[in-house]
Amino acid sequence: MFWTRYAGASILLFFMLIRLGQLYPRNDMNNFGCEECKLKENNIFSKPGAPVYQCMGCCFSRAYPTPLRSKKTMLVPKNITSEATCCVAKEVKRVLVNDVKLVNHTDCHCSTCYYHKS
């Protein structure tokens with residue numbers, strides 16, 4: 001008799017948890033608070049009739065334990081390996097705004113993070 005109640009309560013709890021999970025929106029919580037990689041107007045350098053755009057937004061990054069065979073080949077062994085892609089300009093156009101040479105981004109994509117390279 002006890003096991004029947006226990007099994008029934010477990011099944012009821014399971015279905016309640018499934019229902020609760022369905023109430024939340026199905027968006028990617030990894031990028032919460034960070035928009036996708038796209039062009040946005042730069043308010044500092046833009047002038048009326050001459051907007052200046054730059055790439056802004058998030059791409060992916062992850063970290064994981066370094067495999068032992070990779071660790072053996074490193075000059076300075078590290079326990080954690082990380083990978084990342086950054087929001088960078090795919091195409092650019094050089095412009096002159098108030099005698100300042102600027103690079104106006106015309107297209108964006110997620111690619112290698114150059115500032116991480118050393």
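Any Cβ shown, glycine's included, is placed from N, Cα and C.
Feature annotation from Swiss-Prot assigns disulfide bond to Cys34-Cys58 (among others); the stated evidence is similarity to another entry. Following the DSSP three-state reduction, the secondary structure of Cys58 (disulfide bond) is strand. Using a 10 Å Cβ-Cβ cutoff, Cys58 (disulfide bond) registers 17 neighbours.
The annotation disulfide bond is assigned in Swiss-Prot to Cys37-Cys87 (among others). Less than 8 angstroms from the CB of Cys87 (disulfide bond) sit Cys37, Lys38, Cys55, Met56, Gly57, Cys58, Cys59, Cys108, His109, Cys110, each of them six or more residues away in the same chain. DSSP gives Cys87 (disulfide bond) a strand state.
The DSSP secondary structure for Cys108 (disulfide bond) is strand. Taken from Swiss-Prot, the feature disulfide bond applies to Cys55-Cys108 (among others).
For Cys59-Cys110 (among others), the entry in Swiss-Prot reads disulfide bond.
For Cys86-Cys113 (among others), the entry in Swiss-Prot reads disulfide bond. The number of other CB atoms found within 10 A of the CB of Cys86 (disulfide bond), across every protein chain shown, is 19.
Summarising the annotation, Swiss-Prot assigns N-linked glycosylation site to Asn79 (among others). DSSP classifies Asn79 (N-linked glycosylation site) as coil under the three-state reduction. The Cβ neighbour count for Asn79 (N-linked glycosylation site), using a 10 Å radius and every protein chain shown, is 7.
Marked as N-linked glycosylation site by Swiss-Prot on the basis of a curator's inference: Asn104 (among others).
Annotation source Swiss-Prot lists signal peptide at 1-23, citing experimental evidence.
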Query - By Cα-Cα distance, the member of recorded positions Cys34, Cys86, Asn104, Cys113 nearest Asn79 (N-linked glycosylation site) - result: Cys113
Query raised in the report: How long is the line from the C-alpha of Asn104 (N-linked glycosylation site) to the C-alpha of Cys86 (disulfide bond), rounded to the nearest angstrom?
Result: 18
